[in-house]
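Database features, via TrEMBL:
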type: DOMAIN; residues: 1-130; note: domain 'NADH:quinone oxidoreductase/Mrp antiporter transmembrane'
type: TRANSMEM; residues: 21-41; note: transmembrane segment
type: TRANSMEM; residues: 85-107; note: transmembrane segment
type: TRANSMEM; residues: 119-140; note: transmembrane segment
type: TRANSMEM; residues: 161-180; note: transmembrane segment
Amino acid sequence: LIALTQDNIKSRLAYSTIGQLSYIILGVGLATKIGIAGAALHIPMHAFGKITLFLCAGAIYQACGAKCISEIHGIGHKFPMTMTAFFIGSLCVIGLPPTGGFISKWYLLNGSLDSAQQWAFAIFLTSSLLNAAYFLPIVYKAFFATPTDQARLDKAKEPPPLTVVPLFITSAGCLLLFFFSNKLFQFANTFAEMYTAQ
């Protein structure tokens, strides 16, 4: 809930990371094979999503000096590539398809049901809704809100390729992890079987 009060983009990302890491701990704590596999899967899924968001925040600051959400109204038209990558990273952290975050959260939710811990299921679901509330308004404001600082926006342009290429690589990773998650799941499942067999 604290994240919702943060206007600084990186502060909001940092607070959201606390919640994402708690998914991993809670998934292991469920002590079910599916829950532990979901927790293991969530490590790379969250890593790709969150690094994409932080790279985008840095690119926005480099391009126009904006650090706060209130300063980025309308920048999506000036930075379409950067904000598209931000949107993909947001989907991954929220846990929506077609990103890898959906896969790991799917297993975490199923793990909570397997453990008969309905409270854990409610926590995962509520937290995912809060993640949507953290990030989707940023995307909406960037693409659809009226600019608050037109002079700054007029001077701004898409960040240079050396800045944009890395965030496109990581956002592509968010998508590839959705379509090629089987190998990762097999590895995570092997790890989970070792843990639950003890």
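Just so it is clear, glycine is given a Cβ too, placed from its N, Cα and C backbone atoms.
For the transmembrane segment (85-107), same-chain residues at least 6 beyond its ends with a Cβ under 8 Å from one of its own Cβ atoms are 16, 20, 23, 27, 34-35, 37-39, 41-42, 44-46, 48-53, 55-56, 124, 128, 131-132, 135-136, 138-139, 142, 164, 167-168, 170-171, 173-179, 181, 185. Here the transmembrane segment (21-41) has long-range neighbours at 100, 103-112, 114-115, 117, 120, 123-124, 127, 181, 184-185, 187-189, 191-193, 195-196, meaning same-chain residues at least 6 beyond its ends whose C-beta is under 8 angstroms from one of its own. Distant neighbours of the transmembrane segment (161-180): 44-45, 48-49, 51-52, 55-56, 58-59, 62-63, 81-82, 84-85, 88-89, 91-92, 97-103; these residues of the same chain sit at least 6 beyond its ends, with a Cβ under 8 Å from one of its Cβ atoms.
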